[in-house]
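I have placed the structure first, in the form of structure tokens, so that the comments after it can refer back to it.
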Amino acid sequence: MRILWIVAVCLIGAEGHLSQFGDMINKKTGIFGIMSYIYYGCYCGWGGKGKPLDATDRCCFVHDCCYGRVNGCDPKMGTYSYSFQNGDIVCGGDDPCLRAVCECDRVAAICFGENMNTYDKKYMLYSLFDCKEESEQC
């Protein structure tokens, strides 16, 4: 399933909100976001289970929970409006659902930036099979 997700991200390219999320991550961390976080820990990328492994993985857990609260659109599809103003990410647009998705991504990008010191390369390409502890509630 993870291979399919990587292929989907590559096919999306510069279209869709995943590239927008990657741009936000890049602005807040200075690293290429999507590839650095897509399969990090137990929660970054498609799906998630178990307990977050560190603060970076917790950013993804909270992001997943945020997406779970979005109503009216698919959080992984569509394009939202946002801009960077004085180093801050500002979500805009008239569609309340896409604006909510943007806010989820904005908060996650900020979280990644604030927790870069917890990023551990051993959790890159981490297998969900190794996430065995009971999952937390959102």
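Any Cβ shown, glycine's included, is placed from N, Cα and C.
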Disulfide-bonded cysteine for Cys102 as listed in Swiss-Prot, from Cys91, Cys97, Cys111: Cys91
Among Cys60, Cys65, Cys66, cysteine joined to Cys44 by disulfide in Swiss-Prot: Cys60
Candidate from Asp23, Asp64 that Swiss-Prot assigns to the same Ca(2+) site as Tyr43, Gly45, Gly47: Asp64
Cysteine of Cys59, Cys65, Cys66 paired with Cys111 via disulfide, per Swiss-Prot: Cys59
C-alpha spacing of Cys44 (disulfide bond) relative to His63 (active site), in angstrom: 9
DSSP three-state assignment (helix, strand or coil) for Cys91 (disulfide bond): strand
Spatial neighbours, same chain, of Cys97 (disulfide bond) - Cβ under 8 Å, 6+ residues apart: Val70, Asn71, Gly72, Cys73
